[in-house]
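Asks: One structure coming up, written as structure tokens, with questions to follow.
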Amino acid sequence: MYVFTMENIGPVVWGEEKYQPFKFPPPYLWYTRHLSTCLGHKIRSGYAKLSFLSTLARRSHHAKVEGDIKKSQLEVIDNDMKLLELQERMVTLPAQGQDRLGSAYTNSLRCLALFGAGVSGLWGCSMIACSDEAEHGLAVPNYPWPHEGILSSYDHASIRRGHQVYQQVCASCHSMSLISFRDLVGVAYTEEETKAMAAEIEVVDGPNDEGEMFTRPGKLSDRFPQPYVNEQAARFANGGAYPPDLSLITKARHNGQNYVFGLLTGYRDPPAGVSIREGLHYNPYFPGGAIAMPKMLIDGAVEYEDGTPATEAQMGKDVVTFLAWAAEPEMEERKLMGFKWIFVLSLALLQAGYYRRLKWSIFKSRKLVLDVVN
């Protein structure tokens, strides 16, 4: 049973035992005790601070005295070290002279070694370039061919002159087995001129009714004549070298048109230290530098029908244009057809865009209103 009242503080009952109530001391006694406690605490803290300051002053004085002693000792040691260094310099002066000479000699050897390494590196790079040139041939420059543009066409007058150069200079060794006389009609010659040109050659045909082969004049459907009967006869006539067919030569060589032009106009005397065996000719654009074909394009070697000066460069340009046409006779038609298709597809694109805007304008311009009340 627990009983507690504020009006009359009596005995407190907790269970079966009784406890006496707590009595508060008078207020003046409590204030006196608190004042004495605070004064004692302040006196003790002030005494501690005074003792700390005295200890700090005493330690600083001792540190100053010790620092002065150490400073004097260090000055003495420094003076002794200076004397020792002076003595060592006086004793080892000749040896230092020898060391300086040795270091200068070493530096000169290092500079010489670096110079030798640089020279050997440059020499190695030049040898690699020379070996690459000897193996793959000298890189040919790029020439501005007029038919390489997106909508450019062949120079048909140049094709005609190039065919004349091929007939009079190249046809004696090189064949063009993929080109027929009818391919020249409308490109470089008229039909009558091409028929007359084809009739000048004799073609082996047959067999006839009696089973025998016979010869006849050439027709428009015939191929260009072959200079040799077979490959063995061609090699025998050219010292073992086989003249390649020129029908696709500008496509069969890397950087074809520039390479052929550089090869035809790049003959020169071999440089010092390069020996060319008999029967070969030096041409830096040919892989290996030695080619069996002699220089064929000489100024005035051909007399053009239109009066164009037949210089070496002009003949090379014309025959390369003719060979480029032979490799791609459909180029002009392909470019024209591509331009037509691009034009038609552009119109179709415009129509598709207009139709899209027309059909989708209704959906893009409409407004949706959400009625949340009804």
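Glycine residues also receive a Cβ, built from the backbone N, Cα and C atoms like all the rest.
Under the heading heme c binding site, TrEMBL lists Cys170, Cys173, His174, Met293. Summarising the annotation, TrEMBL assigns domain 'Cytochrome c' to 157-309.
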Asks: Excluding Cys170, Cys173, His174, Met293, please set out which residues of the same chain place their CB within 8 Å of the center of the CB atoms of the heme c site, keeping sequence order.
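Replies: Apart from Cys170, Cys173, His174, Met293, the close residues are Val169, Ala171, Ser172, Pro243, Leu246, Met296.
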Asks: Restricting to the domain 'Cytochrome c' (157-309), report the mean pLDDT as a whole number.
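Replies: Across the domain 'Cytochrome c' (157-309), the average pLDDT comes out at 93.
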Asks: Taking the Cβ of Cys173 (heme c binding site) as centre, how many other Cβ atoms lie within 10 Å?
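Replies: Here the count is 18.
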Asks: Other than its own, how many Cβ atoms are within 10 Å of the Cβ belonging to His174 (heme c binding site)?
Replies: 19
Asks: If we count other C-beta atoms within 10 Å, could you say which of the binding-site residues Cys170, Met293 has the fewest?
Replies: Met293
